[in-house]
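A.B. asks: I am attaching a structure below and will ask some questions about it afterwards.
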Amino acid sequence: MRIIVVDNYEKMSKKAAAMIASQVILKPDSVLGLATGDTPIGMYKEIIDIYKNEKMDFSKVRTFNLDEYYGLNRENPQSYYYYMMNNLFNHVNIDENNINIPNGMADNIEIECKEYERKIDKAGGIDLQILGIGVNGHIGFNEPNISFESETHLVNLNEKTIESNSRFFSSKEEVPTKAISMGIKSIIHSKKIILLACGSAKSDAVSKAINGKINPNIPASILQLHRDVVVIIDKEAASKLNLK
């Protein structure tokens, strides 16, 4: 695990975007695992800037998003499909057939989850996976005490996650209580992983994930076992880390 501590959110975003650009330049048909939420928005803006400067080509890139709220259709502004189109896909030359996001309105969740795993396998696995980390240590929507053997599945969101995500909705009551998420096993099979975190609110989760014991209660702690993880965090998120 390589840990890069930067001064602020902007530098974190630039560093992550540069690493994604390098991946795509080296392997134009890269399979990218993408995340949503506040943390990667700056990274996506930086990627768009790189693309506009003709230094990045998305025409052969394939993407798989980590998760999607269950019960939200794609037109809902709070859906992660809407988020991805607005923050990245509408601004680059990606083939829409190469975009993969779980269907939050699927009639049969079990089939949807198995098909998502099949698509990842058929693509050859994820070359580079982007992750954020929740205040409770979750990655994707894999909440504490999730099995490390889990694949794409339907998740019951816990109270802390619902509370944290309520800032994106008009009220806490509007936040979906379930989501479809790639599982820990799905994530850990990625060839390379970049974990992003910014701000003091994430410092405890970051410290437990990196310095603590590998424990299903802190899902991100499983990353300690991965052979190629880069953690890019600002000074506030790193404030409780033991970097010795």
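Each residue, glycine too, has its Cβ placed from N, Cα and C.
Positions annotated as active site, proton acceptor by Swiss-Prot, on the basis of sequence analysis: D67, H138. Residues or ranges marked as active site, for ring-opening step by Swiss-Prot on the basis of sequence analysis: N136, E143.
Buried or exposed, and what's around them? Tell me for each listed feature.
C.D. replies: Within the same chain, the residues at least 6 positions away from D67 (active site, proton acceptor) whose Cβ sits under 8 Å from its Cβ are T36, Y80, P102, G140, F141, V155, A179, I180, S181, M182, listed in sequence order.
Counting every protein chain shown, 19 other Cβ atoms lie within 10 Å of the Cβ of N136 (active site, for ring-opening step).
Taking all protein chains in view, 25 other C-beta atoms sit within 10 angstroms of the C-beta of H138 (active site, proton acceptor).
A coil conformation is recorded for E143 (active site, for ring-opening step) in the three-state DSSP classification, outside any helix or strand.
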A.B. asks: Within the chain of E143 (active site, for ring-opening step), which residues six or more apart in sequence place their C-beta under 8 angstroms from its C-beta?
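C.D. replies: When sequence neighbours closer than 6 are ignored, E143 (active site, for ring-opening step) has N136, V155, N156, L157, N158, T161, P219 within Cβ distance under 8 Å.
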